[in-house]
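Asker: For reference, the structure I am asking about is given below.
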Amino acid sequence: MERRDREPLVRKSSSSYRTFPESAARRLDKEYLRSLHNRRLYLAVFAAVLGNFSFGFALVYPSPVIPALEAHPSPALRLDQHTASWFGSVFTLGAAAGGLSTMLLNDCLGRKLSIMFSALPSALGYALLAGAQGLWMLLLGRVLTGYAGGVTSASIPVYISEISHPGVRGMLGACPQIMAVLGSLVLYALGKYLRGVPVSRATLCAGQEGLHRVNHSPCPGGGKARTPIPEWFSPNCASLAGLVLDWRWLAVAGEVPVLAMVLLLCFMPNSPRFLLSQDKEEEALGSLCWLRGEDTDYGREYEQIKDSLRKQSRRVSCAELKDPFLYKPILIAGGMRFLQQLSGVTCILVYLQPIFKRTSVILQAEYDAALVGLVRLSAVAIAAVSMDKAGRKILLFVSAGVMLVSNLTMGLYIHFVPASHNGTVANTTLVGSATLPAEPTNYITLIPLLATMFFIMGYAMGWGPITWLLMSEILPLKARGVASGLCVVVSWLTAFTLTQFFLPVVNAFGLEVPFLFFAVISAGNILFTGCCVPETKGRSLEQIEAFFRTGRRSFLR
């Protein structure tokens, strides 16, 4: 092997963040990439990412549903503050369980069948939510939809990575994030919220003529007062134009993308790399032919995949885990998933409305969810377009930098701006019952709104989609199924822990403390990217595995 072929994966002197030497890049026939037909590949990716659409839909399902259930006339379905918290967060526990099971499913069933299997718990979960008659059905429905989301989170990026070629893998790798954001936006658009004036210390009442919203006044018709709704959870907080479905039909609507995914995937091929790992050579060749086109030189790519598989054993043994070829990419992928969640994105999205209420942003609350969703969608689209041109690492650097500045700005604003300017009340908990101003009076309250928007934009253009893409790119084939499931478990357990501890920390130390912590983590993301993350732009999965196999210590220098 030539000396230049053994250069370290991370080179301080490189301004382009290139991991692989130019001689390796020349091995890829650019004419072959230009000759490929991508229409069938795009169709297969679309069929798979419908699972991410369902995931995004289920993730934010509590946003419109919790206010409706807190106002429900039936005591068996009515949520209080404690049960509402579990209704929102138990999804992440289900997702962690789904990622754990995918460690076996990905290698036993294959990538495509694992995705299709996720439709079963997803459909059952939505059915429980739609027909819920008690709290246990609501929580079990959330756990099952979360489990399905965990399976798809671990299987879909791997499937897309293994069926894609280097020319479009970056763009297609961002599709799961795009579809998840679209799923969230559709949920917001379909959700039906209780109408009325913004809740102050309102109480929902059930009388003979139905539910009535009052302000400490007797219920019309002689009904009894029900449980108060928290100040920050006004039903108007996230309402959008075109609200058409109530919470039960909203769950029924969630079944549509699941069924469409299963039907389309029935006609899609399995991953050629997985089929070869199962000694199904004819099926693998047919799958690659279908994806690339019959009139292309797909046989050359097929031989490259076979040659890579010959160099590794079928299963991962405990002794092999000491090999840098295995543990380095697993540590990098797991570390990125851990840091991604530790940067605070889940907490900020889950508690977005309370945060905006606490800081009294100048924008009307009903536009918050739509605005944040559109910002996320735009940023992920930018990442999809530029990922195969600018590269992964430069976007990760920019993403972490934007998140650092945004979190730092938010933390310093909350700490230094007096309550009289930012509309907050000193020593008040995030979900407390203290009366907060209905409308901000100072344009300085644009700062937290802009800071949050830039944080979401920064995350969505780098550490959101690229983390999932790199996980599926750098993990070796024989450990890809198990390791991807492990990364999902790490991700969602971290998300659950942060979500559960966010409110207690805010109540004990103030809202600025979590944001300053997230800023420190974002700075760590920059260091981690520079020291540990390889640039994979334009490289085949076999080339990436070959460079990890060299075992150079300078890789983690």
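Note: Cβ is positioned from N, Cα and C throughout, glycine not excepted.
Take a look at what TrEMBL says about it:
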DOMAIN    44-537  domain 'Major facilitator superfamily (MFS) profile'
TRANSMEM  41-63  transmembrane segment
TRANSMEM  83-105  transmembrane segment
TRANSMEM  117-138  transmembrane segment
TRANSMEM  172-191  transmembrane segment
TRANSMEM  394-416  transmembrane segment
TRANSMEM  443-470  transmembrane segment
TRANSMEM  482-503  transmembrane segment
TRANSMEM  515-533  transmembrane segment
Asker: Under 8 Å, at least 3 Cβ pairs, sequence separation 6 or more: does that hold for the transmembrane segment (394-416) versus the transmembrane segment (515-533)?
Answerer: yes
Asker: Do any residues, 6 or more residues outside the transmembrane segment (515-533), come within under 8 Å Cβ-to-Cβ of it, and if so which ones?
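Answerer: Result: 10, 332, 335-336, 339, 342-344, 392-393, 396-397, 399-401, 403-404, 407-408, 410-411, 414, 463, 470, 555-557.
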Asker: Between 0 and 100, where does the mean pLDDT of the domain 'Major facilitator superfamily (MFS) profile' (44-537) sit?
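Answerer: Taking every residue in the domain 'Major facilitator superfamily (MFS) profile' (44-537) and averaging pLDDT yields 77.
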Asker: Where among 117-138, 172-191, 443-470, 482-503 do we find the most Cβ pairs under 8 Å to the transmembrane segment (83-105)?
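Answerer: Between the stretches 117-138, 172-191, 443-470, 482-503, 482-503 has the largest tally.
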Asker: Check for me, if you would, whether the transmembrane segment (41-63) reaches the transmembrane segment (443-470) - at least 3 Cβ pairs under 8 Å, residues 6 or more apart in sequence.
Answerer: no
Asker: So, does the transmembrane segment (172-191) come close enough to the transmembrane segment (443-470) to give 3+ Cβ pairs below 8 Å, pairs being at least 6 apart in sequence?
Answerer: yes
